[in-house]
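Worksheet: one structure, shown below.
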Amino acid sequence: MTHTESTFSFLGLNPFIIKSLSKMGYVKPSPIQAACIPLLLEGRDVLGMAQTGSGKTAAFSLPLLHNLNINLKAPQILVLAPTRELAVQVAEAFSDFSKYIMGIHVLPLYGGQRYEVQLRALRQGPQIVVGTPGRLLDHLKRGTLNLSNLYALVLDEADEMLRMGFIEDVETIMSQIPKEHQTALFSATMPEAIRRISKRFMKNPQEIKIQSNITTRPDIKQSYWMVYGRKTDALIRFLEVEDFSATIIFVKTKNATLEVSEALERNGYNSAALNGDMNQALREQTLERLKSGRLDILIATDVAARGLDVDRISFVINYDIPMDSESYVHRIGRTGRAGRAGRALLFVENRERRLLRNIERTINQTIPEVQLPKIEVLCKRRLERFAKKVQEQLESRDLDEYSALLDKLYSPDDLDIKTLASALLKMAQGGRPLIIKKDLLQRPSREFSFKDDRRREDNHRNNNRNRRERRELKDIDLYRIEAGRNDGVEVRHIVGAIANEGNINSRNIGNIKLFSSYAIVELPKGLSKDLLQRLIKTKILNKKINIKLLRDIKNYETRTHNRSIFNKDKNNKRRFSDNRLNKSSSIKNETKSSFFRRKSV
């Protein structure tokens, strides 16, 4: 039996798991699933190289579920994921696959959740724990996560954990679990650090490498926009300037289909939602309106859009980025049908850059970034549409009746025809002004814009974070966090927490100066308020960091050095006083680079 001929029922999985797969529409395993499931069922260690979207979550979760002891209420499977989004996604997959197996409890653990909530869940004895390295390490240090019954460990997207600076935490966790256990490591690439982990912690792993064969059609023009501000406002801007016959907008949830549809309706767009709550009759009626041209905009979830085939769709908008690359390919494949050219736009939030890179790797193509259309373009498009409507009215046959009505309203002596036409033009523009004086949607000049970062793993920064190059002073802000050496905090903890909880690329984190009770961190200018609110609540080793912006970098630098000198010499105040002027002078002459050198003092 070859992999391509096999079905899940022939792999020897639990019948209840097969039932879940059948209900979810899974019939034939993907190449990574067909290769990994038999090995993991046998208890072998597996080293898998596969892209996101290849089905690797099912490749490890299905066999591990099969071998689980449902009568033992203790963590038996531990999955490490680089981000909270992936941790939640993997946890949901475990829950979906075990839907018909009674007594299985899955728990995601990640930063941002209250410890009290997680502690209550841990006391219930989950058999499967999925979490981010930082939060898992916190629980291990607190003694609230007992891994003595663990039989399987999974590292999902190991290269991403390396890139985000979590690899030391990963190694610490792996060194604290029982020696007798099964390990599965999945990575899109295999840098030397990941290879080293596999040699150190895995037992004769079977290496599986799956080449992606997912492609997109060349007649579909793809681009992405880095989200800032309100997504609905930006969506309307793109719709206004784009020429399209019909468009489908993909969102993650059923509620989002309704929310986006209502926002578009308020702005004068004829749109409809398509989700799983619709009965078949209403679904068919909506699709018929789309096909006939009575409806131009459809907002749908991936599940609801299955089987949708409408030739007149020329524009696909990924309002919410899909979690896997294959879904992206299926989405944009809805456009460019019947020999027509298609257009696909992807909205990407800062915390979703990882998903964008996964999509690009999968389709073996770089997706170009586009900017939000400027008001000059918007005004031009509005004026063109307005002029077209006016021309249509000029060609109508009943204008004489309205000319007579105009004579009753105003006499030629009252005002000239141009002034009257201008007043009517202003009235007719409605809620979409033809003259826009200020663009409220453009990115503020201070706001930090993450650049295209498509360098592969061989170009990653040196793992010795003390040697990180310093960014120009004008491009960064200084922040103080209330956690330091006395709290057991190290530089790597700070990098990992900010990268994960703030979804900031670790390359964009500047130098860090660690003190006894606090630390000073360089971060890019213009961080959003929402991002800072998330960071304020972030904890490092169970201590809230309460991050604060330091406004005056230069003055703070001098104050910090003076304080440091004073602390070192506090037992000899007189000598400090005698030499104070000399030392202050030397401090002022000291270069900024020495202050920002990343090391403990």
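Please read every residue number as a count from 1 along the shown chain.
A Cβ is built for glycine as well, from the same backbone N, Cα and C atoms used for every other residue.
Over in Swiss-Prot, the protein carries these features:
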type     : residues                                               : note
MOTIF    : 6-34                                                   : motif 'Q motif'
DOMAIN   : 37-208                                                 : domain 'Helicase ATP-binding'
BINDING  : Ala50, Gln51, Thr52, Gly53, Ser54, Gly55, Lys56, Thr57 : ATP binding site
MOTIF    : 156-159                                                : motif 'DEAD box'
DOMAIN   : 231-378                                                : domain 'Helicase C-terminal'
COMPBIAS : 564-581                                                : compositional bias 'Basic and acidic residues'
REGION   : 564-601                                                : region 'Disordered'
COMPBIAS : 582-594                                                : compositional bias 'Polar residues'
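Structural mapping of features recorded in Swiss-Prot.
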residue : record           : CB count, 10 Å
Ala50   : ATP binding site : 24
Gly55   : ATP binding site : 19
Lys56   : ATP binding site : 28
Thr57   : ATP binding site : 25
For Gly55 (ATP binding site): DSSP state (helix, strand, coil): coil
Confidence summary (mean pLDDT) of the domain 'Helicase ATP-binding' (37-208): 91
